[in-house]
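First comes the structure, then the notes that go with it.
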């Protein structure tokens, strides 16, 4: 019971609600954790409290903790491990805590898919799957689906008298392809798999269309649409009532009042009918008759008021007319005929989906593979059993898990789907009032509905649970935000109190949902939130809508670039919490958030033009990259050289290097036949003298092509790719171009993709090319390879979805004027979890099609869900900001938009009217009307408070609201007047005019001599490695060293060498592993393999480097005395960079300059450990020792000491200077032979 829970300790930093979430027990608990409320810390503390509970401790492996991502699971484990280690410091003798640390790696702290995998691995014998199954990648899954579906449709086309199938084809395919039918089958398959019982859900789709013996009132679609009818009639009535108020003004058109009152009565009649039945509304709609307005002399009244009255009345009439046309132009029974007619066709469609699912599952089973939805359904199959009445009950295995888990904790619960919810239900106790399920999330941040997440699960429990937990589950609100300044939180609250409600938005943004200040910040300057609305330029855009979008992106990018540059240049300050002080803002403190990434390239370009470093992880553009495009054409030619366009592209590319004239010459040798045939014929003959160079180029390429084609038939695709890179030299070539590193990274990604493809059950170049073509046909793409680290000092551009869980000092939210993406609502067919299937009624014989009731209902439902999702996306965007929030949107006609937005000022309630919120087409349609009711918009509007209540008008938030003229952003910067004369002289190539008083200064500069000429022959900045080389006699001079750095002519690139990695590359790989190996985990082969695989995924290692790592040598180090000291040390620092000033004569043996000269030395220390008696420095070496020295290690030791003595002495000196502590020991560790060398002075 509540009174038995531990009291919050004195001086605790936990809030009361946080503490309640940490200690509450005895029932299912739902924690609604607002953005920045410290939910992860609460979750970890709850787990720790359970583990170290004195009265009833729980082993960590008796907890199931479900996270949304693998990264979150790992972070959770790390935090729990750190917390347990702190407990161990206070209780060093606690065997229980030591046991928990050893159990932590085996604990069930993972994603739901990892838990499902664990269950399946344990009980695979209950399923018809190979226990050696593997997880299919997306590539393989798509290819399998395509193959299965092609086979099924081919069979159906071959069946005689397959009448219903061909009717389905006639209705839902074009005369060119059956792609739409394929899309329908795949979409139904995917949607069905988001339900615990897919077949049951599919059967319900068909049942809904069986309307025999039913009336329209029995249909769920009609019931839902009646609610929408009431909503629209209410909107119309509000327009009329507002018009009536205006007509009653002293200068209003009073003669209109009588007509308006009749309008209210008419709408009241329609609303009453809507509360009765569909048939009643239909009949009432047939009798709608609007009275004619009485003529008035407009000069007798305020003309603007008359226009407003007439406009509002027309809006009301339009609402009714829309209902009449969409819903009530047809008799109710005609809608029923649509359903009856479509029923057999839908039945056939569902049958095809079931056959597809069965065949697809069988093919995966034969190939020993499963996908992620299989993991969920297989797990559910193990944990459930079906009763006689068809209900799903927990199986014996589920009951075992219920007994095992003392508590199940689910993070990001708002993103759970129906199948995952069922799995969780089967491993937790039945009763919510006595349950052991702890759920944490924020439904306001549920933004993954497109991945079939179901926020309704969270909302249902939030409404059902109480804060006291009486008679059911308990809910706890964590509303305090420890991330952001007051200005960010108050600004966000002000907007969402007005736009987010249950009817429109699915969530009541009430006092419990509001963000509350939890963080403390010093006073800051210019911290008010901002809305910058850009008025688009009036110039005609020649490229239509696409051109207008580009211009909007450019305008917003220029405005953001100006603001970022101004803030950085002016030293705008942000708070550094680590140092508890203000500091100048850096580029990495800025983020630009977008709903989607199409604008990102334009924004990047504009920022770069302003000299602002910027990075965006683009998910497009990979196949458009020139180097990738050329290589894909090479592979197309290898697969089939008879393709003219790919072959011409390769011949024209830098690989072969033909000019346009040479290409034309080749074509002239044979006007008929393919390019390949012409090339073959040309090479058989003797070339003319002027064609010898062309002949040589083509002969070189032709011979290579024949070799590649032969190689492709016998060897792997990935080996073919490296062979092409090597024999063409193209990989090296692109490395020398601008952005060479990026280009080479793109080519490496192509190789990696090929390796991943070959890891599937598919093989061969043809299938690989076909798959890539399917990707391009679908409009998909991959992002270019990442060539930038996450800690770089750059402005980041990312989607709002990618930003979830992150925070930034300064946040720009751009593109707020872009329309919501409603393409899904325009599809030929619609699917919904509750309403099933909806499409137009299509009659191919009569060649007619029209909207059906199911389509209208699903479209309306999806529109309202889209509106709710977009609200949540906006909430996520606004809550990423820590200190400064800047909102930017562009509109075509600011005055027109403002007139629309000003309607909100007439409403006195906090929540804006439903029709304003539901009618929004972009984020600005919510933000601007909200802010126009605040006093800070008065500088722009100059309208006064009017009828806006004080609590809204004077709400405690600070905003800057501004309309920016787009012309000022696109105007070129004015050239300074004093530069005009200079520019004119440069244009005409005349002598530059020089003022007489500056002639002497110019002369002095030209004749000046450097006073430290001796220092010019030695570099002022050296690495420790370079200094070490200077001390080796054979390389004592800089000139010799520089000579050594020069690359020999025609150096063979690595991918051409048979021997694989160089010694230096192997050493780099080993150092990377030693830097990242997790010292908190047991050092075993399995753990190291897992960590190395993770480094490959993060692009910290390549596949080749990973394969070269000798794991047993890494383990040998940690088994050595020195390695054990590392594991037991008080602290361990790895890859420690340093810079220090050093007297020049200490670095250069041949120094002849001034004695006071210094140089800057830089280096990286491999490992530094702090023990009780001091600091030990360790440098890892991968030099070859064994077999290189006849006298063995004893002979090698003095040579190695001499070779590395200077290096380690400099490392030690750097550490002693920075730490103010002596280094007690300097060690070299050689992996070859497991040798340790101590360096003595």
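Note: Cβ is positioned from N, Cα and C throughout, glycine not excepted.
Here Swiss-Prot flags 12-485 as domain 'UvrD-like helicase ATP-binding', drawing on sequence analysis. Look at Swiss-Prot and you will find 33, 34, 35, 36, 37, 38, 39, 40 tagged as ATP binding site. The feature domain 'UvrD-like helicase C-terminal' is assigned by Swiss-Prot to 505-805, with sequence analysis given as support.
Residue with the densest Cβ environment among the binding-site residues 37, 40: 37, by other Cβ atoms within 10 Å. For residue 36 (ATP binding site), the Cβ neighbour count at a 10 Å cut-off comes to 21, with all displayed protein chains included. Take the mean position of the Cβ atoms of 33, 34, 35, 36, 37, 38, 39, 40, the recorded ATP site; other residues of that chain with a Cβ within 8 Å of it are 42, 442, 478, 481, 482. When the neighbouring Cβ atoms lying within 10 Å are counted for each of the binding-site residues (33, 34, 35), the highest count belongs to 33.
All chains included, 22 other C-beta atoms sit within 10 angstroms of the C-beta of residue 38 (ATP binding site). Within the same chain, the residues at least 6 positions away from residue 39 (ATP binding site) whose Cβ sits under 8 Å from its Cβ are 31, 33, 411, 440, 441, 442, 478, listed in sequence order. Here the domain 'UvrD-like helicase C-terminal' (505-805) has a mean pLDDT of 86 out of 100.
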